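Data first, discussion second: the structure below is written as structure tokens.
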Number of protein chains: 2
Amino acid sequence: MNLDYIIPNNWSIIEEEFNPDQVKASESLFSIGNGAMGQRANFEERYSGPTFQGSYIAGVYYPDKTRVGWWKNGYPEYFAKVLNAPSWIGIDVFINEEALDLFKCKKVENFKRELNMKEGWLLRSFNATLQNNLEVEVVVKRFLSLDMDELGVISYSVKPLNASANITYQPYIDSGITNEDSNWDDKFWDTLSVSQKDTSAFIQAKTMKTEFYTCTFMESELFYNDKKLNITPDVDKASTHIAFAYSTKVNQGDVLSIHKFGGYTVDRNHDKYELVTAAKAVLDKAKHLGFSALLENQKQAWARIWDMADITIEGDVKAQQGIRFNIFHLNQTYLGTDARLNIGPKGFTGEKYGGSTYWDTEAYCIPFYMATKDQSVARNLLEYRYNHLQKAIENAEKLGFSNGAALYPMVTMNGEECHNEWEITFEEIHRNGAIAFAIYNYHRYTGDYSYIPEKGLEVLIAIARFWHQRATFSTDKNKYVILGVTGPNEYENNVNNNWYTNYIAKWCIKYTVENIERIESEFGIDYTRIMNKAKLSKSEIKDWMEVAEGIYFPYSEKHEVFLQQDGFLDKELITVSELDQSQRPINQKWSWDRILRSPYIKQADTLQGFYFFEDHFSTHELEQHFDFYEPFTVHESSLSPCVHSIQAAKLGRMNQAYTFYLRTSRLDLDDYNHEVHEGLHITSMAGTWMSIVEGFGGMRVKNDKLTFEPKIPEQWDAYSFKVNFRHQIIKVNVCKGHTHFELEGKHDLEIIVNGKTILISPNNLVTV
Amino acid sequence: MNLDYIIPNNWSIIEEEFNPDQVKASESLFSIGNGAMGQRANFEERYSGPTFQGSYIAGVYYPDKTRVGWWKNGYPEYFAKVLNAPSWIGIDVFINEEALDLFKCKKVENFKRELNMKEGWLLRSFNATLQNNLEVEVVVKRFLSLDMDELGVISYSVKPLNASANITYQPYIDSGITNEDSNWDDKFWDTLSVSQKDTSAFIQAKTMKTEFYTCTFMESELFYNDKKLNITPDVDKASTHIAFAYSTKVNQGDVLSIHKFGGYTVDRNHDKYELVTAAKAVLDKAKHLGFSALLENQKQAWARIWDMADITIEGDVKAQQGIRFNIFHLNQTYLGTDARLNIGPKGFTGEKYGGSTYWDTEAYCIPFYMATKDQSVARNLLEYRYNHLQKAIENAEKLGFSNGAALYPMVTMNGEECHNEWEITFEEIHRNGAIAFAIYNYHRYTGDYSYIPEKGLEVLIAIARFWHQRATFSTDKNKYVILGVTGPNEYENNVNNNWYTNYIAKWCIKYTVENIERIESEFGIDYTRIMNKAKLSKSEIKDWMEVAEGIYFPYSEKHEVFLQQDGFLDKELITVSELDQSQRPINQKWSWDRILRSPYIKQADTLQGFYFFEDHFSTHELEQHFDFYEPFTVHESSLSPCVHSIQAAKLGRMNQAYTFYLRTSRLDLDDYNHEVHEGLHITSMAGTWMSIVEGFGGMRVKNDKLTFEPKIPEQWDAYSFKVNFRHQIIKVNVCKGHTHFELEGKHDLEIIVNGKTILISPNNLVTV
């Protein structure tokens, strides 16, 4: 770990010191979101120290013109950027005309931040001594409403401690913002109007190129010792900024508070000409309810989420804090209520990875959402890709494929590819496999086959076509090969016969054909419709199967393992443990060629295949591969430790599983990869959930039944989780020596625990 | 070929039609240069049609900030840009107040351009009918003086044909220029002053960042029917522009001419505060001599170059035109008089390939300059790299190498790497081999061993160290391997055990060790100095040799060829002739992944090794490899056809050799690769020279003797060339059935012709 300042706590993320060097990290860690918008933990008042400002609106992005030295045919014309949105949180605070700025204060004491995950709010408090020697106590609480997802709420109070003072609150909204990652301080927002109505303010702005229309709004109320004040503010209006100044004298020991309501209305939800009207309605409702009622609603909304999604861990507060941090941020990022949205790798906590959707969604996030939400949420995520099928076909055409073959983009906002490194964009094609696997996984878990004849099979056919065309025949090997790919381990580029890619390609074709056959026999009408629409013939299917059956897998007889790719054994096989620690992380220390020719693995690659297709291999085979590859794995991808934790648990290596669990669950809290200041790793947080449920709990679905092989790390006294399985909720509570199962539902359910069938009945505790 | 409008002519490049669609191509083809500056064939007068403006000053570049989506450690911070320099050629022409603009004229007739290569000038003439119905005849001649390499000269005349007219010449200089390849119309020039002295004008400007100081200057003289006019011009001066307007009435049939002198003085040659003074001196001398005398000097200067460098071909005017075009542009680009300069792949004809020095210089250009100039020119080119040794060591350190290992940059202006594609910058490491080979080649040809103990060995040691560290041991193969490289064929990236790279790595080490041993026995003092300076021990040398002796070479028993790289035989081996022509050139039609997994070869790769190390292989082996690889070669690099022409000639396949010869010599004239509008391929022009001298002439140097195996394509009656060999000049004249040798020198010379030793004496024709 690289940071160790977060105070362990079961339900809260807590920081108890003000350290300018860790402000950016904390801005990430204490981020808040509500699925529709997000806000880094930037201070409301001025701050002149190093900071990374970030306000984000779901689905609002910018197609930045890409510029690379040497253009390659087929590159997309833009690289999507997560956009820093107009700021709604700002409140300048002047105390006897000195601006409050923690970077400039003489003294800052009792500084505390708390992100209360149980109730969904962020608190900050401190005592500060200003340059003018006035001492003040400041308390700030804010949250993004789950109930009203266009609304954010702030309560900000100042108490002068050593003298009376004139205090001015100057709440503002501002659209003159830039992205931290912009190359030349480019502006991405075009401000259309700045307007005021009484004590409300509105800035209408649209994004350039994409023309997303937004209205950023605010209104404020002042309180003197909880008594509402009616002060007419001075208004300061500029081309991209509007501020109201409220000034009053505050006696020593009294408290002046401001409640600021703000947020965004966007044209995804309203007519673009009605955004101010919609904003007014939000403000009216917010004022009517008031801060306390809104906060109470927030607590209740989070209580409903936790009731289903919580995982408890007893006896290990850091582990408990870690898993809740993961579950909390996943729910802040994506609630599954809008099928047009998806789960960005950094959620609403940073700009990096400029697109919202990666294969992370299918490979890592879907199991979490299937088990902790209604299954319609997972189906929404599948439909997101179904809706992008035509664009995936066009994407494949740009790369020379034909006949309806689809290559889903590596990174996308709207179905188009928006990333341009040839080794990723063109070659990291295994992503197509994850999209097919998610369809399989959804059906396996939910038992809902209807998605496949209705929509999924069209996606599968297009993917099977891609693999059929992408494989080529090697006369030298007398096998089909897949040349020039990047596997999940992105520390290898343009390799031949990546085992994972070849394996999932074969699986995709075979799974597609199985479904075609099933639909032919069970869903005749759908079958005819789909075959006609796809212009698919039996002879084409036969051609696919020839490739699937004839595909090559590199294998080492000596090591008894499949090789990650052709030539893997030519590397200098020096394990990570033998590597000088000063060289880590290698992605920050080594040039790319050195990384590529090394044996080091960024994240599970061959082992990712063993995770997806566990049933295809024996435990002995898993062990062979784990022991061969894990020692070369640097886990510099956030997606790596969770898969390794699950596999270590399966192999009964509980200490190793526990270490990987801590690494995945506290990846950001402890900043393992030196990058938390850039934002959090949201999608891997779903992997953390899997490492408990699938890893320690050993949960699988086999033949339409939930199965468990519960294990518990020796560091824990007990842990529990709930899963929603086919409209019933199973609560699993694992203690040392026994496991309790409870069913919230209406029908008896057979589950399999350690190989034995157990019947559980509604509201009846079963202990195994 | 893709263009076919250049009129065949032995000594001139001629165009006889005005076609706006080919203006950009002609601007490249008719470029002029004098080693110190260059000028695309842009029109002097206004032109509102598509054009690519380019004026270039040798050694003046800009370090453009590189921006790629995903930065890699070790990337240089800048990408060098060839800079479009302030314009000195402009002359606006107004006829009865209408600006002459060929794109807007009612009619353009008798349009002709001629680039007279024998005498080094560019002529343009046409009759134009303006919108105002005036008909004029225009004749323009210009050249860049070889004698005074800061000076360009233009004679521009207009004759009104159908009425008298008021004619205004408005010569100007202008520093408000941009690069065509700038991403955002960035300005790269900072104008410092615009000044006037009588009828002279000066713009001082410096490049941003690099701070090259330049003065662009001009002065003009007017003539009415050859009689000098004294018109006081109107002056129009702006922040980056100064123009003088000379107006007069011209009677129908009379001629108004302007002689414009212009050019650049630069701080490479003068104190930066003396650039205007230096410019005045150039103008004074130019005016004193006048247009005619300057032109006469130009003819004489070019006559001296041609006397040594010319190749004559009888019976094939297109072939003759092609080779002279190549020799002419090489001499326009680099004359060998300034060791700080080098040979850019596009010379002074375009912006692309933003650096001046590639491995092209060592692999292709040095033989031409060795044979057609004094050998000090080639030695200058070697010293250029010696002077960059420390930067090459730093470059290697950035990539993790140590102990004085050097990696010369792929692209450079000042010794630093200035290109950032990881697959090229970090992996196309074979360039190091060419730099060592040039040292070997220089010694082989000139017999001058002194360079090696004085300077060359230090370079060789640093290169040997690089290869020793770059190779790794494969326990699987029990051999040393070189993983993750890009060979000369850039249509493969990140491959393992590229045969060419492995071969030249081995050769570099062995050649270095041979030289160390020779210097130890023959140059004791140098030996001690070098070994101490390099901190080199015998045991380190032993380690090198272990790698050299143990290096792996991929080989196919079935095909009896070395494989271009590991896994080459896994490709779909469909030959180029079977490829749909609509897919060519593949680099403009296919996405990069498709190119990479194809078998197609951009330029000689394995065959480049067979070219460099011809003596190491039998003719049968060459034939095997040629027959295996050539059918997959698309020759989409300008450096490809020449090597293939030489090898085809060696194999006695004269038709094939001739086809490749035409392709290399007329690559730009006939625009084989659809890109002449971007500029010419200068460095490959030296390959064209080799394809005659080494290919058809069969010239080699073996054991300090020139050897020849003359052949002649059936399309030719005869051809001749001269080479400067160790301070004597040998003229070779090959006819059908016999070859004449003549020696211009003082000492008898033994040469070997078709295996037989022949003695040639000064001024005594020998016929074989």
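Note: Cβ is positioned from N, Cα and C throughout, glycine not excepted.
Unlike curated entries, TrEMBL annotations are predicted automatically.
Summarising the annotation, TrEMBL assigns domain 'Glycoside hydrolase family 65 N-terminal' to A:14-267. For A:324-690, the entry in TrEMBL reads domain 'Glycoside hydrolase family 65 central catalytic'. Under the heading substrate binding site, TrEMBL lists A:TRP359, A:ASP360, A:LYS602, A:GLN603. Summarising the annotation, TrEMBL assigns active site, proton donor to A:GLU490. According to TrEMBL, the feature domain 'Glycoside hydrolase family 65 C-terminal' maps to A:699-758.
Note on A:ASP360 (substrate binding site): other Cβ atoms within 10 Å of its Cβ, all shown chains, come to 24.
Taking the C-alpha positions, the distance from A:GLU490 (active site, proton donor) to A:GLN603 (substrate binding site) comes to 8 Å. Residue pairs drawn from A:TRP359, A:ASP360, A:LYS602, A:GLN603, the listed substrate binders, are separated by up to 16 Å at the Cα level. The domain 'Glycoside hydrolase family 65 C-terminal' (A:699-758): residue composition by secondary structure is 0 helix, 38 strand, 22 coil, according to DSSP. According to DSSP, A:TRP359 (substrate binding site) is assigned to coil rather than to any helix or strand. Counting only same-chain residues six or more apart in sequence, the Cβ atoms lying under 8 angstroms from the Cβ of A:TRP359 (substrate binding site) belong to A:MET410, A:HIS430, A:ARG431, A:ALA434, A:ILE435. Those residues of the chain, other than A:TRP359, A:ASP360, A:LYS602, A:GLN603, with a C-beta within 8 angstroms of the mean position of the substrate site C-beta atoms are A:TYR358, A:ALA363, A:PRO488, A:GLU490, A:SER637, A:SER638, A:LEU639, A:SER640.
Residues within less than 8 Å, Cβ to Cβ, of A:LYS602 (substrate binding site) and separated from it by at least 6 positions along the same chain comprise A:ASN489, A:GLU490, A:TYR491, A:ASN587, A:THR633, A:VAL634, A:HIS635, A:GLU636, A:SER637, A:SER640. Cβ neighbours of A:GLN603 (substrate binding site) (same chain, under 8 Å, six or more residues apart in sequence): A:PRO488, A:ASN489, A:GLU490, A:THR633, A:HIS635, A:GLU636, A:SER637, A:LEU639, A:SER640, A:VAL643.
A:GLU490 (active site, proton donor) counts 20 other C-beta atoms within 10 Å of its own C-beta, drawing on all protein chains shown. DSSP classifies A:LYS602 (substrate binding site) as coil under the three-state reduction.
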